[in-house]
Amino acid sequence: MMASFNPKNPYSVPMLPSSTVNSNQTENCTRIMEERNATLAMFQLIILSLTLFFGTLFNSFAIWVFCCKMKKWTETRVFMMSLLFSDCCLLLTIPFRIYATQHRWDLPRELCTTLAYAYFMNTYLSIAIITLISVDRYIAIKFPLRSRSLRSPKKAALACAIVFALLLCTRIFILLTAEKSVPSPGFCFRKISTRPLKRNLYYTVTGFYIPLPIIIFCTTEVVRFLKTKDKESVYEHECIKKSIKIMSANLIIFLVCFLPLHILNIIRFVMESLKLDCTLIKLINDYVYAAQVIGDLNCCLDSVCYYFVAKEFWESTSVLPRSNHLTPSPEQTEDTNL
């Protein structure tokens with residue numbers, strides 16, 4: 001279609017067809033979204049490399065502890081092994097993510113898709129298992145008598161299996177029903193399109209914002225209970241004090257690692273839905289990618305934090321007076337022999 005021109009007015013500006021204007025805007029937006037942020041790429045390289053090194057080191061140590069030092073399967077051991085499995089799967093994606101941040105993706109597109117699914121699946125699997133650990137801890141100390149029937153290694157394993165099955169089924173359902181998107185050649189672990197993805201919003205809400213209040217409630221209730229408990233000896237006082245510090249630190253680490261990412265996910269979805277300027281969307285995208293690598297640090301800290309949580313938590317419950325019916329069971333004492 002030719003651009004319109006008014007012969008009566010030689011100074012008139014030819015009007016381009018709307019389709020041409022929209023096409024130019026789309027091309028300009030795509031170029032903006034594909035621009036490489038060198039500062040972000042360097043930040044990702046540093047954090048991901050540190051995560052890979054220390055995550056491999058700490059998780060290897062944790063696997064040795066929970067596989068070799070603990071002789072009996074307990075609830076804590078089941079949850080920790082599930083968490084370690086999830087974190088190790090996430091660590092396997094990091095070398096490819098480092099490659100994707102520094103180079104154009106020239107590996108098979110199917111590999112990129114598989115790695116992206118594995119990354120997001122195991123991120124939210126970790127959050128779900130952390131939630132189970134918090135609930136287990138809460139039940140054990142708030143309902144010591146009922147917990148004997150509610151808690152067992154088999155039930156812990158069943159809970160982990162149900163969570164994994166739900167995440168897998170959800171992922172398959174989304175794959176079958178979601179609108180198909182054309183992958184951008186040369187890119188992996190990056191969102192080039194400015195179209196809002198409802199599946200990202202779904203994972204953000206169900207995978208983080210629903211578990212978040214559960215984790216906060218369980219942790220604060222356990223801490224409050226331990227603070228108000230009568231201390232009958234200096235050893236008991238120090239043990240409970242240490243437990244409170246570790247559980248509080250664990251909650252803070254969880255919030256620092258995951259809260260910024262999921263706040264930014266909501267902001268990005270809103271900005272894309274409002275069809276704001278591509279430059280602004282590109283800016284928020286870069287912040288999302290930076291927050292993602294901060295969230296990956298959690299797989300380094302999980303093994304350290306929950307090793308001490310398991311040890312110190314059961315030490316604190318083992319010194320509670322018999323009148324509170326919190327004398328450690330054989331399953332509990334196994335967790336203290338680390």
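One is the number of the first residue shown, and numbering goes on along the chain from there.
Even glycines carry a Cβ here, placed using N, Cα and C.
The domain 'G-protein coupled receptors family 1 profile' feature in TrEMBL is assigned to 58-306.
Taken from TrEMBL, the feature transmembrane segment applies to 41-66 (among others). If you look at the transmembrane segment (41-66), the same-chain residues 6 or more away from its ends with a CB under 8 A from one of its CBs are 77, 80-81, 84, 87-88, 91, 94-95, 97-98, 101-102, 289-290, 293-294, 296-297, 299-301, 303-304, 307, 338.
The feature transmembrane segment is assigned by TrEMBL to 78-96 (among others).
If you look up TrEMBL, you'll see 116-135 (among others) marked as transmembrane segment. Long-range contacts of the transmembrane segment (116-135) within its own chain (CB-CB distance under 8 A, at least 6 residues past either end) are made by residues 76, 79, 82-83, 86-87, 89-90, 92-93, 97, 156, 159-160, 163-164, 167-168, 171, 188-189, 203, 207-208, 211, 214-215, 218-219, 254, 258, 295, 298-299, 302, 306, 309.
As annotated by TrEMBL, transmembrane segment applies to 156-176 (among others). Outside the transmembrane segment (156-176) by six or more residues, the chain places 75, 78-79, 82, 117, 121, 124-125, 128-129, 132, 136, 199, 202, 206 with a CB less than 8 A from a CB of the stretch.
For 201-226 (among others), the entry in TrEMBL reads transmembrane segment. Among residues of the same chain six or more beyond the transmembrane segment (201-226), those with a C-beta under 8 A of the stretch's C-beta atoms are 120, 123-124, 127-128, 130-131, 134-135, 137-138, 141-142, 170, 174, 240, 243-244, 247-248, 250-251, 254, 258-259, 262, 265-266, 269, 316.
Taken from TrEMBL, the feature transmembrane segment covers 247-271 (among others). Residues of the same chain lying 6 or more positions beyond the ends of the transmembrane segment (247-271) and with a Cβ under 8 Å from any Cβ of it are 127, 130, 137, 196-197, 200-201, 204, 208-209, 212, 215-216, 219, 222-223, 280-281, 284-285, 287-288, 291-292, 294-295, 297-298, 301, 305-306, 309, 313.
Over the domain 'G-protein coupled receptors family 1 profile' (58-306), the average per-residue pLDDT in this prediction is 86.
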